[in-house]
Amino acid sequence: MSGYVGIFLSDPSLQTHFTQVELRSLKTHFSSMTRDNGGVLAVKDLPAKMSRLKIVGENLTEDERASLIRNICPNLDLQLDFEPFLRVYLQLQAHVSTVMGSGAKSSSAFLKASTTTLLHTISESEKASYVAHINNYLAGDDFLNSYLPIDPTSNDLFEIVKDGVLLCKLINVAVPGTIDERAINTKKFLNPWERNENHTLCLNSAKAIGCTVVNIGTQDFIEGRRHLVLGVVSQIIKIQLLADLNLKKTPQLVELVENSEGIEELMNLPPEKILLRWFNFQLKKGGYMKVVTNFSSDIKDGEAYAHLLSVLAPEHTDPSTLEAKDIERARLVLQHADKMGCKRYLTPKDIVEGSPNLNLAFVAHIFQHRNGLSTETKQISFLESIPNDIQVSREEIMFRFWMNSLGNSSYIDNVFEDLRNGWVLLETLDKISPGIVNWKIATRPPIKMPFRKVENCNQVIKIGKQLRFSLVNIAGNDIVQGNKKLILALLWQLMRYNMLQLLKNLRSHSHEKEITDADILKWANSKVKDSGGQSHINSFKDKNMSDGIFFLELLSAVEPRSVNWSLVTKGKNDEEKKMNASYIISIARKLGCSIFLLPEDIIEVNQKMILTLTASIMYWHLKRPVEDSSSSSDSDNGSPEDTVSNSTLDDSASEYSLE
């Protein structure tokens, strides 16, 4: 953004460990600590003061911080400047990253750890595993065949990702159809503009499938920043591996529960938790009574693996496996998996060392290959009692991915469950309207007393009314109880407010009036008309938009080189309409729009989604002059100010309006 001033450190090696966004945040914390401590910050003050820092504060107790800091800097009276403070912080975070997954307070450590770490250290085992996965799943791709297979012992991966094509292709493996490959620039030699477009398309598409990419920008890929590249790759692969861990894809999972109430509970669990439940279900069937609670310390001795594989593939069981110890047992476990035909990408050492990421991936591979669940359909009749509301499902996914794109402290797996304590809602409010939350009366999770959750949610409702949300007949307890309709209505208005503020801020420099949905409609029609387009829409419900031509003309109007008209169909039938809709979404993301809609939303002319798409294109177009004159890292870092919400600007467009 204009007026941006970076923070520069005297130690160049230290400078490389942080993005400017991270440095500004840490500088603010450091200044606050020093100010609260009478203007002087000593080593002995850090254990207590660092409780405010998200990763170090949440995952280490004060006693643990004190012990680690004493080892780092024995002189407890030493007064610290900002750079020595950063060195201490880095070492504490290095410790956190080594235990993440076996005690760190994060509901999705695998998903969060890789992208929030400030260190350049990477796991060679994880890199080799991810490279093997890429070689396996992208083998035969026409464009990538000259680059694959990648040598897992080299750093070739970080060179190949610099053109953006590989990551786009990997996203499509994880969630097929996310990116229309016609929108990927696949020339042999790409110019900087085309390369940047690929990375922008990749980042916005990664958000759209549920990745958290806060503080990661196109420049990070171009420079091949290894820890950030692996962070994104690991998330994409995890989404692929856990894709079948839901009742829609694998209805046989109903065998894990005994009644319809259990099904509701199962549906609300994140995929990792379902995988653990399946793991323990199979162990219990085999007579193994120990409970596995994580993918690290609980399975590092290989005993649980040996019992699991004996249940799933008894024909390959080797009795000597349980008699062996450590590396030898892990080796026999992997031999058993190989005999099952289960592709695996970890080593015996990874099992013994309890690598949470690689062990989770291994268990997910086993589930995909042979889950051992009943194929009988009589139990699946339980599923008939669960309402299948496709629209609610789409709304929930959209809101969930939008909130995760803001970089809140907790990853949201289900908005109806994970928002019930009110904390993430307060964080979201604070991001879209900084300073509006009174944190002194808020309670951070874990929250044991129910009334504290109600207090958090009551503050959410109070702030919503302050922001003029329509909150008729809704109270904090409705959120705590998980009322779906009311939660969706609240989230819709949060997104709406976010977009309004973004557009308002862009127009504030020219002292123009605030933008309404009617203004957006008028802007879109005038852009198309002025560029020579033939399309015109009367409202955001106009069924003429189903063929996609209007949006293609709009995108071409705001960026003439964006649409390759030779790839556009006439949109005469459903297949042609879907091709156009898919192309529209990928082009918009390629330009820089962070949107969460599906091709079906365009084909069906979903009023809310159509409005969000149009508003997102308008926002991108209006902010472009500002973006062109600013640092590219700021424009791509995923901050709330730069996140284009998939929101409407008219409450009446939502089925969940409370009016």
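Even glycines carry a Cβ here, placed using N, Cα and C.
The following features are taken from TrEMBL:
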| type | residues | note |
| --- | --- | --- |
| DOMAIN | 124-241 | domain 'Calponin-homology (CH)' |
| DOMAIN | 269-371 | domain 'Calponin-homology (CH)' |
| DOMAIN | 393-499 | domain 'Calponin-homology (CH)' |
| DOMAIN | 514-622 | domain 'Calponin-homology (CH)' |
| REGION | 626-659 | region 'Disordered' |
| COMPBIAS | 637-659 | compositional bias 'Polar residues' |
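Each of 124-241, 269-371, 514-622 was scored by its Cβ pairs under 8 Å to the domain 'Calponin-homology (CH)' (393-499), and the highest score goes to 124-241.
Confidence annotation: the domain 'Calponin-homology (CH)' (393-499) carries a mean pLDDT of 92 in the model.
Counted with DSSP, the domain 'Calponin-homology (CH)' (269-371) comes out as 65 helix, 0 strand, 38 coil. With helix defined as DSSP H, G or I and strand as E or B, the domain 'Calponin-homology (CH)' (514-622) counts 71 helix, 0 strand, 38 coil. With helix defined as DSSP H, G or I and strand as E or B, the domain 'Calponin-homology (CH)' (124-241) counts 76 helix, 0 strand, 42 coil.
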